[in-house]
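Here's the structure we're looking at; comments come further down.
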C-alpha cells in the first residue's frame with residue numbers, strides 16, 4: 001500500500017543521509033536510459049570517469065555574478081506534489097543562509113539549469129555540466145532535507161568524503177566486506193579538500209556498513225576505531241566551510257546576511273510575542289469587563305432582593321395588614 005511522504009519521513013527520521021541513499025538506490029532495475037552510477041549516487045557518462053574526478057578535469061564550477069553571488073537556475077518537475085516540492089525548495093533555500101549560493105527558478109533564457117525530477121533513485125552529476133542537468137530525487141526514498149542537500153552538493157562539485165585524496169589517514173577501507181562489483185565506490189579521487197580536515201560528520205560521508213555483503217564494516221576510522229561517523233542528517237560546519245571556500249564566498253557578506261536574517265527572525269519573534277501579549281491583555285480586559293458586569297448584575301439582584309424582603313417585612317408588621325389577617 002502506498003504511504004504518504006509525511007508518514008515515510010516520520011518512520012525514517014532516525015536514519016542518516018547515507019543510509020537513506022543506500023536504501024533508495026539498492027535493488028534498482030536500471031534501464032539503458034539511466035546514467036551509470038558510481039559511489040552509489042554519482043551519475044557519470046562513461047566507465048572511464050570512474051577513475052577520475054570529472055569536475056577537476058573539465059572545470060565545473062557555477063559562475064559568480066558581480067554582486068558576489070552564485071545564481072543557479074533550477075526547475076522542479078510537475079509530477080511532485082506540493083508537499084514534495086516544499087521539501088525540495090527547503091533544501092534549495094537552505095544554501096542561502098550560509099553561503100553565496102542562490103538557487104532560483106529557471107527562465108527560458110537560461111542556458112544551464114538543474115532539472116530536479118523523480119527518476120530511478122537518487123543521483124546527481126558532479127559540478128556544472130552545461131545545458132539541462134538532471135538531479136534525480138525519486139518520490140519513494142529520496143525526499144528528505146539531508147538527501148536534497150547531498151545531491152545539490154554533488155551538483156556544486158563535491159564528491160564523497162570517503163573518496164578524499166587523504167582518506168587513508170583517517171579511515172581504513174575493508175574491501176573483503178564489500179559487495180562484489182561495488183569496490184569502485186571506494187576508489188580515491190584527487191580532491192582538493194579546500195584546506196579543511198577530514199570530516200566524519202560530513203553529509204557526504206557514508207556509514208561504516210555501506211555496500212557491505214556480510215553485515216560487517218566496510219570502513220573503520222583510524223586510529224580510533226570507536227569514533228562515530230556517517231551519521232549526518234544535514235550539512236556539517238566543514239561542508240559549509242568547503243562550499244564557501246570553493247566558491248570564494250565573502251565571509252563578511254555571508255555573516256552580514258546571516259546576522260540580518262537572524263535579526264529579522266528575532267524581530268518577527270518579538271512582534272509575535274507582543275501580539276500574543278496584546279491579545280492576552282485584550283482577553284483579560286474583556287474578561288474583567290464581563291466579570292464586572294456580572295458582579296453588577298448580582299449586586300443589583302441582591303439589592304433588589306433585600307429591598308423586596310424589607311418591603312414584605314414592613315407589610316407584615318403594618319396594623320392594617322394584621323387587622324385584615326384577623327378578619328380573614
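Glycine is treated like the rest: Cβ placed from N, Cα and C.
What TrEMBL says about this one:
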type	residues	note
ACT_SITE	151	active site
BINDING	150, 154, 160	Zn(2+) binding site
DOMAIN	51-250	domain 'Peptidase M12A'
Residue 160 (Zn(2+) binding site) and residue 151 (active site), distance between Cα atoms, whole Å: 11
Cβ contacts of residue 150 (Zn(2+) binding site) (under 8 Å, same chain, 6 or more positions away): 17, 21, 41, 122, 203, 204
Residues near residue 154 (Zn(2+) binding site) in space but at least six apart in sequence (CB under 8 A): 41, 42, 124, 125, 126
Confidence summary (mean pLDDT) of the domain 'Peptidase M12A' (51-250): 94
Cβ packing number for the residue listed as 'active site', 10 Å threshold: 27
CB contacts for residue 160 (Zn(2+) binding site) [other CB atoms within 10 A, all chains]: 25
Cβ-centroid neighbours of Zn(2+) site 150, 154, 160, 8 Å, sequence order: 39, 41, 42, 124, 151, 153, 158, 159, 203, 204
